[in-house]
Amino acid sequence: MTKKKMLEEFAKVYGDSEGVRVFFAPGRVNLIGEHTDYNGGHVFPCAIPLGTYAAIRKREDSKIRFFSLNYEQNGIIESRINNLKYNKNDKWTNYPKGVIDQIKKLGVAFSSGFDMLVYGDLPSSSGLSSSASIEVLTCFSMIKLYGIKMGKIKTAKLCQKAENEFCGVNCGIMDQFAIAMGKKHHAIYLDTASLEYEYVPIKLDGVKLVITCSNKKRGLGSSKYNERRAECEAALEMLKESEECKDIKTLGDLDFETFERNKDFIKEEVNYRRARHAVTENIRTIQAVEALNNNEIEKFGQLMIQSHLSLRDDYEVTGLELDTLFDAQSKQEGVIGTRMTGAGFGGCLVSLVKDENVDAFIENVSKEYTKKTGIEASFYALDVGGGPRELR
Ligand code: GLA
């Protein structure tokens, strides 16, 4: 999407495009470290070149008006900056409204409302964080438009809070952090317990990052996401009854041996498996980043495969579509690693595939998937993108 096109579309909807500014925020793909961010573990996501664009201009009055090129049939959705409430009928605009609500809670007084036109090229509900993308985009636009002082980490935390409190999804910090902090050609190795992070260069010589979208929609709010989170919390509480674990704060504090020694404290088998995933996935993530730093890409790929299996068997968030794709992909030539990415229950897989095998990979996987599920998958071979920015 270009700035020119965004301005043209803005003018069509709102009359003219005088003084309009255009901003972009990426989506993200998580390379490894799934369902660890609300368990105090490590994650390893990166920003991608797909994302969300906003053309925006202040108004004189207190109205805030939203229009999405992806949902033109909804027309203009209107609210007032001094009256922000979650309303199901306001659809996707609840994300930006939630962010503005949080900014106001910091004591920022908005002098006026604005008109905003949005376009996204991320497939929605696909596990590539279209919602965090629009949240960070809104926060970034507000910072620029109203001269608000706020750093990137604060932006990430505020957007997570907006999603938790305004939209009722108990998500962790990973998505908003990966998007607000995105850096070209780098993934972010983040310890979600301390928010300490490190940029790790992604140099994929002769290897492509391929995202496969199952086109099975995932609704995070209505999904079992909050349930998984509660199961992990229950397991943690039970583990804390043991002498050895009484001081741990999160499942991310545990090594595998300590966890196994104390597993009998977790009463329900299902909670034990959820916690086992959280513990082993955190360890895999630490090992995967080590492998990448040592240029051991094959080892990184093996850890991706193990991650998927654990998400399938212990965490049970994959489902028919993602598993069908995983099975088809893992047997293709040139596949170094592959796994589901994001919350699961539909959405995408992320794979590392040797350059010369990418075409055959797409062709074979596509055929097998459609034959087994009747759904057509979409494929994206992507670079690692940068963070939020203004289009000049
Ligand atoms: C969603 C949430 C994240 C994270 C992932 C699973 O994307 O928004 O916080 O929990 O699921 O790793």
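Easy rule for this one: first residue shown is 1, then count along the chain.
Each residue, glycine too, has its Cβ placed from N, Cα and C.
Per TrEMBL, the feature substrate binding site maps to Glu34, His35, Thr36, Asp37, Tyr225. The feature ATP binding site is assigned by TrEMBL to Ser68, Ser125, Ser126, Gly127, Leu128, Ser129, Ser130, Ser131. Annotation comment: TrEMBL describes Ser131, Glu163 as Mg(2+) binding site. What TrEMBL records for 8-58 is domain 'Galactokinase N-terminal'. The annotation domain 'GHMP kinase N-terminal' is assigned in TrEMBL to 94-183. Residues or ranges marked as site 'Transition state stabilizer' in TrEMBL: Arg28.
This view paints the features noted in TrEMBL onto the structure.
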{"residue": "Arg28", "record": "site 'Transition state stabilizer'", "CB count, 10 Å": "35"}
{"residue": "Glu34", "record": "substrate binding site", "CB count, 10 Å": "30"}
{"residue": "His35", "record": "substrate binding site", "CB count, 10 Å": "29"}
{"residue": "Ser68", "record": "ATP binding site", "CB count, 10 Å": "22"}
{"residue": "Ser126", "record": "ATP binding site", "CB count, 10 Å": "23"}
{"residue": "Leu128", "record": "ATP binding site", "CB count, 10 Å": "28"}
{"residue": "Ser129", "record": "ATP binding site", "CB count, 10 Å": "32"}
{"residue": "Ser130", "record": "ATP binding site", "CB count, 10 Å": "23"}
{"residue": "Glu163", "record": "Mg(2+) binding site", "CB count, 10 Å": "24"}
{"residue": "Tyr225", "record": "substrate binding site", "CB count, 10 Å": "22"}
Exercise. Hey, how far is Ser126 (ATP binding site) from Arg28 (site 'Transition state stabilizer'), Cα to Cα, in Å?
Worked result: 11
Problem set entry | His35 (substrate binding site) versus binding-site residues Ser125, Leu128, Ser131 - nearest by Cα | Leu128
Seminar exercise, completed: Residues sitting within 8 A of the centre of the Glu34, His35, Thr36, Asp37, Tyr225 CB atoms (substrate site), not counting those, run Gly33, Tyr38, Asn39, Val43, Gly172, Met174, Arg228, Ala278, Glu281, Ala343
Exercise. Of all the binding-site residues here, Thr36, Ser131, which one's CB has the most other CB atoms within 10 A?
Worked result: Thr36
Exercise. Among Ser68, Ser125, Ser126, Gly127, Leu128, Ser129, Ser130, Ser131, which the record lists as binding ATP, how far apart in Å are the two most distant Cα atoms?
Worked result: 20
For this session: Measuring Cα to Cα, tell me the gap between Ser68 (ATP binding site) and Asp37 (substrate binding site) in whole angstrom.
Result: 30
Problem set entry | recorded positions whose CB lies under 6 angstroms from ligand 1, from Arg28, Glu34, His35, Ser126 | Glu34, His35
For this session: Using only the residues recorded as binding substrate (Glu34, His35, Thr36, Asp37, Tyr225), report the maximum Cα-Cα distance in Å, whole number please.
Result: 12
Exercise. In DSSP terms, helix, strand or coil for Ser68 (ATP binding site)?
Worked result: strand
Exercise. Which whole-number mean pLDDT does the model give the domain 'Galactokinase N-terminal' (8-58)?
Worked result: 98
For this session: Specify the count of other C-beta atoms within 10 Å of the C-beta of Gly127 (ATP binding site).
Result: 29
Problem set entry | Number of helical, extended and coil residues in the domain 'Galactokinase N-terminal' (8-58), per DSSP | 10 helix, 26 strand, 15 coil
